[in-house]
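**Student:** My questions will all concern the structure given below.
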Amino acid sequence: LALLLVALAVAYAVPDPRGVIINLEAGEICMNSAQCKSECCHRESSLSLARCAAKASENSECSAWTLYGVYYKCPCERGLTCQVDKTLVGSIMNTNFGICFDAARSEE
């Protein structure tokens with residue numbers, strides 16, 4: 001019995017690599033992209049809860065970087081560029097949307 005209690009105490013003492021506030025998995029509720037493993041805190045509409053989501057892949061809709069850290073369209077995966085016409089109003093309203101493309105491939 002004592003050995004079982006010690007084993008349980010050790011198991012609970014080991015820190016969980018997934019955090020409550022940071023290092024969140026896809027689908028978990030977030031307030032800022034810095035909290036997500038994927039670095040994208042995404043919301044469907046202004047009334048919905050934001051959740052961690054995967055970054056946009058090639059030829060997918062994307063958002064340019066935003067100060068708010070919450071996106072209606074996730075930024076592109078590493079190595080891709082979000083081709084978007086940035087506007088001041090779009091930056092304020094978080095509506096600067098574009099398409100992810102591979103800049104290295106387009107130069108060839």
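We count from 1, first residue shown onward.
Positions of Cβ are set from backbone N, Cα and C atoms, glycine also.
Bear in mind that the values here come from a model prediction, so they are computed numbers and not experimental data.
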**Student:** Pick from CYS30, CYS62: which one does Swiss-Prot say forms the disulfide with CYS41?
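**Tutor:** Swiss-Prot annotates a disulfide bond between CYS41 and CYS30.
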**Student:** In sequence order, which residues at least six apart in the same chain have a CB under 8 Å from the CB of CYS40 (disulfide bond)?
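**Tutor:** The list for CYS40 (disulfide bond) reads SER33, CYS52, ALA53, ALA54, LYS55, TYR71, CYS74, PRO75, given in order along the sequence.
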**Student:** Among the recorded positions CYS36, CYS62, TRP65, which ones place their C-alpha within 10 angstroms of the C-alpha of CYS30 (disulfide bond)?
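**Tutor:** Within 10 Å Cα-Cα: CYS36.
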**Student:** Using CYS82 (disulfide bond) as the reference point, find which of the recorded positions CYS36, CYS41, TRP65, CYS76 has the shortest Cα-to-Cα distance to it.
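**Tutor:** Going through CYS36, CYS41, TRP65, CYS76 one by one, the closest to CYS82 (disulfide bond) is CYS76.
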**Student:** From the Cα of CYS76 (disulfide bond) across to the Cα of TRP65 (taurodeoxycholate binding site), what is the distance in angstrom?
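**Tutor:** Their Cα atoms are separated by 10 Å.
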**Student:** Under 8 Å Cβ to Cβ from CYS36 (disulfide bond), same chain, six or more residues apart: give me those in sequence order, or none if nothing qualifies.
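**Tutor:** The list for CYS36 (disulfide bond) reads LEU24, ALA26, GLU28, CYS30, CYS52, ALA53, given in order along the sequence.
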